[in-house]
């Protein structure tokens, strides 16, 4: 990631700290990965605090595929198997089966219904029967070591929520342009400025965890 284009949001450490503060206060952030990887920017919200209004914004400007990033332990608790036994996707995106809240939703696709599903999945007392399968929310299972084990948006979302002192669960969705193409760094930065959101890179988060000895969450 060309860090120069992110200087508007501060240096690497400042961007992470600002992102954590925003998440603590219930706001979303934009996360960029490497241009040699997926080369895209994702909305990232803490699952614990995401609102219906934020979900509506995400659906309106995103790809429509809203993902709930969960730890391996939470996926086991909810008995969420992987979507396929052998993952042959380019970046090994760790999709589990999709989900829907068993109660409190209609079609499951509205912003309100998706928030209901997310809250059901991250509830302290959540159990497998609380979720129907398939559904309109797509869980992703994070690497146990976070971004230090896999430099993906999934791990970044979980790490950011955890470092912000919230439940280790995040919601993400890729930002798209009005013509349906994927938003790259310039478009992501322009969108973030317009909507007063912080932008950081996964590289920023990796460096932050390494520098601050945040190498083990156990």
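Backbone N, Cα and C define each Cβ position, glycine as well.
Features as listed in Swiss-Prot:
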type	residues	note
BINDING	37, 38, 42, 150, 151, 152, 153, 154, 174	D-ribulose 5-phosphate binding site
BINDING	38	Mg(2+) 1 binding site
BINDING	38, 153	Mg(2+) 2 binding site
SITE	136	site 'Essential for catalytic activity'
SITE	174	site 'Essential for catalytic activity'
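Positions of the features from Swiss-Prot, shown on the structure.
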residue: 42; record: D-ribulose 5-phosphate binding site; Cβ within 10 Å: 29
residue: 136; record: site 'Essential for catalytic activity'; Cβ within 10 Å: 19
residue: 151; record: D-ribulose 5-phosphate binding site; Cβ within 10 Å: 19
residue: 153; record: D-ribulose 5-phosphate binding site; Cβ within 10 Å: 29
residue: 174; record: D-ribulose 5-phosphate binding site; Cβ within 10 Å: 21
Fill in the CA-CA distance, residue 42 (D-ribulose 5-phosphate binding site) to residue 136 (site 'Essential for catalytic activity'), as an integer in Å.
18
What does DSSP assign residue 153 (D-ribulose 5-phosphate binding site), in three states?
helix
Cα-to-Cα gap, residue 136 (site 'Essential for catalytic activity') vs residue 174 (D-ribulose 5-phosphate binding site), nearest whole Å:
16
